[in-house]
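Listed in TrEMBL:
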DOMAIN    12-134  domain 'CMP/dCMP-type deaminase'
Amino acid sequence: MESTSAFDPAGVDWEALRALAVEAAQLAYCPYSGLQVGVAAIVDDGRIITGCNIENASYGLGLCAECTLVGQLRMTGGGRLAALACRSGTGELLMPCGRCRQVIYEFGGPDLLVDTPSGIQPMTWVLPDAFGPEHLPA
Ligand SMILES: O=c1ccn([C@H]2C[C@H](O)[C@@H](CO)O2)c(=O)[nH]1
């Protein structure tokens, strides 16, 4: 049967996605940590979305780049995250923090592909035995 998804895992231009993450990181508001974080993702309908970290004088209220990314996901048409890359403003690969692994799992599930220091890995590798919506009562 023909797939209805516009996403082809083999066709991902990871270099382009990484470059978009670095570009998004330039928009970060991070006067407290000084760490610019950018994330770029391909949605299952083929569109590309980005996010950056937004810090706050009340340190604990800062938003990670992945949080603004999922805001973009919902605000630009929804869908599922299919491939994701996270980079610093200077281009280093960054892994999503523990909280953000859970945040992106909600919108990508086990098949979301992530750029990691160990190559491209699915969320089952990034967040093994994840807690998800399926664990809540119907
Ligand atoms: O997955 C992560 C981890 C950290 N940060 C941000 C939060 C804070 O602004 C800065 C330093 O922790 O990096 C992200 O955006 N995403």
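Placement of Cβ uses the backbone N, Cα and C atoms for every residue, glycine included.
Automated prediction, rather than curation, is the source of TrEMBL annotations.
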To what whole number does the mean pLDDT across the domain 'CMP/dCMP-type deaminase' (12-134) round?
98
Across the domain 'CMP/dCMP-type deaminase' (12-134), DSSP labelling yields 46 helix, 32 strand, 45 coil
